[in-house]
Amino acid sequence: KTDNFVPLICFVYYPPAFLGCFRDVFVDSRLLLPVIAPEGSRIQANITVGCSDKDKCDDSPCQNRGRCVSQGWRGYLCECHRPYEGNNCAEEYITARFGNKDLESYAVFSLDDDPGDTVIISMFIRTRQSSGLLLIMTNSTSQYLRLWLEAGMIKVQVNNFETLVGRAVINDGHFHLVTLKLEGVVATLFQSAQSQGSMPIRLIQVHPGDMVYVGGLPDSRASASFGGYFKGCIQDLRINNKRLQFYQISTPVESYNLEQLISVAEGCSSDNACAVNPCLNGGVCYSMWDDFICNCPPNTAGRRCEEVKWCELSPCPAAATCQPLSQGFECKYPDNRFQSCIMPYRSNGKIKRSLTSVSLSFRSRRLAATLLHAHKDSNYLTVSLLNSHVVMDLQVGGDKDNVSIQSQTQFSDGKWHTVKLSLETQASTSSWIMIVDGGKEAISVSKTAVGDLEFLSKEVDIFLGGLSLDAGVDLSGCLGPVEIGGLLLPFHPDTELNLPRPQEEQFLRINSNAPLLYGCWGASVCTPNPCRNEGVCEDLFDLHQCTCSSEWTGHLCQDSTDPCISGPCLYGNCVSLPGGYKCVCEQGYSGEQCEVEVDMCEKSNCSHGATCLKGFQTYSCLCPQNMTGQYCELPQLPVSTCTGTRWNYSCFNGGNCAEAEDACYCLPGFTGQWYDMHNDSSFAHN
């Protein structure tokens, strides 16, 4: 050995081992093959008796669904599905875990070649996060390719300008194969061979020395621009057919150089999501990959058992219906009758929401009544009936101008009506809007806008049915559920509940000793029955209606449908007509009901100053001394005075005394013992 000695390393090349069959191999007439070697002998290895030409693919040597391709006599090749590799597809690319235990993790690779004009980036991704940085390719001057998660979908940006967003959500905790193909001036995104869209791009230039950042950037603020560091797993990352291995596999494959690996763990382990005990109300937590599931006890629900099914615990009185809320429950009665009490309410002091609405339903026949009223200092709110119209009056913050809204229709008809008042803001203006009966009526809008109803969340008394306890009941009728800002004003006190209401924000009924009647009914307008003649009374809520038989009509069935049944014609016959009757009067009577006696002398024919004497259905004429006849139309003839044996008598109309006792000789045209100058009839005359 000298100082100039240079060691020489020699390599001996051996050809591949023989693959085939031997038969009748003799050396010096001694048979070497085929022979059966003794057990444990080392003179043979991988030698079998026989010479089978069976296809090796028949034995399915390729694992993990790899495809076996025959390569001639006793040869084969396995075409492996990703993420498997190796002669028999038995080796799997090692998965890299990013963001384990919420650490900031990333990997950096350097490129050592030019992949050409077509760049295909592909990888398996598994995550439950909706956002996070996946990959950035950068040169010394700019980031020319970015991939990140946004709303659970892949988002791609090329040359800091062109952007493409995938259509499918991949943050479901399963592995998804994501492929981005940059081919010339077109970029196409695939998920499991399904196209997610494409876009035109400017040609990108990839050069040796460019860097690839996976999972994040060294600068956390720069990573935050893309949803922060990636949390999940990445496997079998490739650019074209060259791998970017976070951890090397034993099978030799062509790969880019790994420069940095910061807090990236081997495998695809899961965070223990149950470590923080996320399940509420006694739920049992079971870990899933980067997630958990809660086995909730009975009467609870929700991802974290945060929703108690309060209504299944029967917290309400029998007459009420339980309505579940996100954080509790309310007991609702369908309606409520106000007769002798006013219900006061007050906030529990924990209301944080904005109170920008009032909703209620009512039923009344009162023309004027107070439905809801609250007042403190200069602030007040009143919802009332005025001349049968619904009116809202509001003043907040001492404003000189108050809001007053009035419905366009009258509603004191005894029917149920709903009122919705809401504060709506558009641009820089706001208005209170009234909708009655779900928009069936015209919408009323305030001319001026004031603030919301925040003052009701303080120590303010709110009254239903009147202005105050001292003022007395103002409403005669019924109220349905009343809500302010979506919070119910319960008709029941908490003492009537089987369980206390757990929700934080509440309106409480105070003075719970006041009597309250549940249900809705009007006055007893049908007891006793006001309808006459066996009419049927119908209760229309504080108003009745009579249903009459066919013989009667009128508001109380007091009028007969046959107008002649009451005998309206005094001196005549009644004839029924549609809508009335007609009297046919007897002779000598007139008038609508034949109640007027006709004056027979009004149109008499008595002449020469004769006096008309009225009779029943006729008349007679009393003639002056010088006239006679039925109508005194004839001159009076001489009268002869005769002396009889028993009395004196007269013979009228030119008659002469006869010799016979009490007799007259009459002129032609006259007869009788003596004569009446009016009608030629004889009279006994004393």
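Using N, Cα and C of the backbone, Cβ positions are placed for all residues, glycine too.
Under 8 Å, Cβ to Cβ, and six or more positions away along its own chain, Cys80 (disulfide bond) finds Cys62, Asn64, Gly66, Gly86, Cys89. According to TrEMBL, the feature disulfide bond maps to Cys80-Cys89 (among others).
Around the Cβ of Cys305 (disulfide bond), 21 further Cβ atoms fall within 10 Å across all displayed protein chains. TrEMBL lists Cys296-Cys305 (among others) with the feature disulfide bond.
Among the features that TrEMBL reports, disulfide bond is placed at Cys548-Cys557 (among others). Taking the Cβ of Cys548 (disulfide bond) as centre and 10 Å as the limit, one finds 21 other Cβ atoms among all the protein chains shown.
The feature disulfide bond is assigned by TrEMBL to Cys564-Cys574 (among others).
Per TrEMBL, the feature disulfide bond maps to Cys585-Cys594 (among others).
The annotation disulfide bond is assigned in TrEMBL to Cys623-Cys632 (among others).
The domain 'EGF-like' annotation in TrEMBL covers 53-90 (among others). Only residues 6 or more beyond the boundaries of the domain 'EGF-like' (53-90), in the same chain, are considered here, and those with a CB under 8 A from a CB of the stretch are 19-20, 124, 177, 235-236, 249-251, 253.
Computed over the domain 'Laminin G' (96-268), the whole-number mean pLDDT of the model equals 95. According to TrEMBL, the feature domain 'Laminin G' maps to 96-268 (among others).
Annotation comment: TrEMBL describes 270-306 (among others) as domain 'EGF-like'. Helix, strand and coil content of the domain 'EGF-like' (270-306), in residues and according to DSSP, is 4 helix, 12 strand, 21 coil.
Under the heading domain 'Laminin G', TrEMBL lists 332-520 (among others).
Long-range contacts of the domain 'EGF-like' (522-558) within its own chain (CB-CB distance under 8 A, at least 6 residues past either end) are made by residues 363-365, 414-415, 476-477. Residues or ranges marked as domain 'EGF-like' by TrEMBL: 522-558 (among others).
Panel annotation: around the domain 'EGF-like' (560-595), residues 550-553, 616-617 of the same chain, lying at least six beyond its termini, place a Cβ under 8 Å from a Cβ of the stretch. Positions annotated as domain 'EGF-like' by TrEMBL: 560-595 (among others).
For 597-633 (among others), the entry in TrEMBL reads domain 'EGF-like'.
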Given the disulfide-bonded residues Cys296, Cys305, Cys557, Cys623, which one's Cα is the least distant from that of Cys594 (disulfide bond)? Cys557
Once the chains shown are all counted, how many other Cβ atoms turn up within 10 Å of the Cβ of Cys574 (disulfide bond)? 19
Candidates Cys296, Cys305, Cys585 (disulfide-bonded residues) - the one closest to Cys548 (disulfide bond) by CA: Cys585
Tell me, in order along the sequence, which disulfide-bonded residues from Cys296, Cys305, Cys557 have their CA within 10 Å of Cys564 (disulfide bond). none
Quick one: of Cys296, Cys585, Cys623, Cys632, which disulfide-bonded residues lie within 10 angstroms of Cys574 (disulfide bond), measuring between C-alpha atoms? Sequence order, please. Cys585
Spacing of the two Cα atoms, Cys305 (disulfide bond) and Cys557 (disulfide bond), in whole angstrom, works out to 65
Filtered by Cβ under 8 Å and at least 6 apart in sequence, the residues in the chain of Cys557 (disulfide bond) near it are Cys531, Arg532, Asn533, Glu534, Gly535, Cys546, Cys548, Ser549
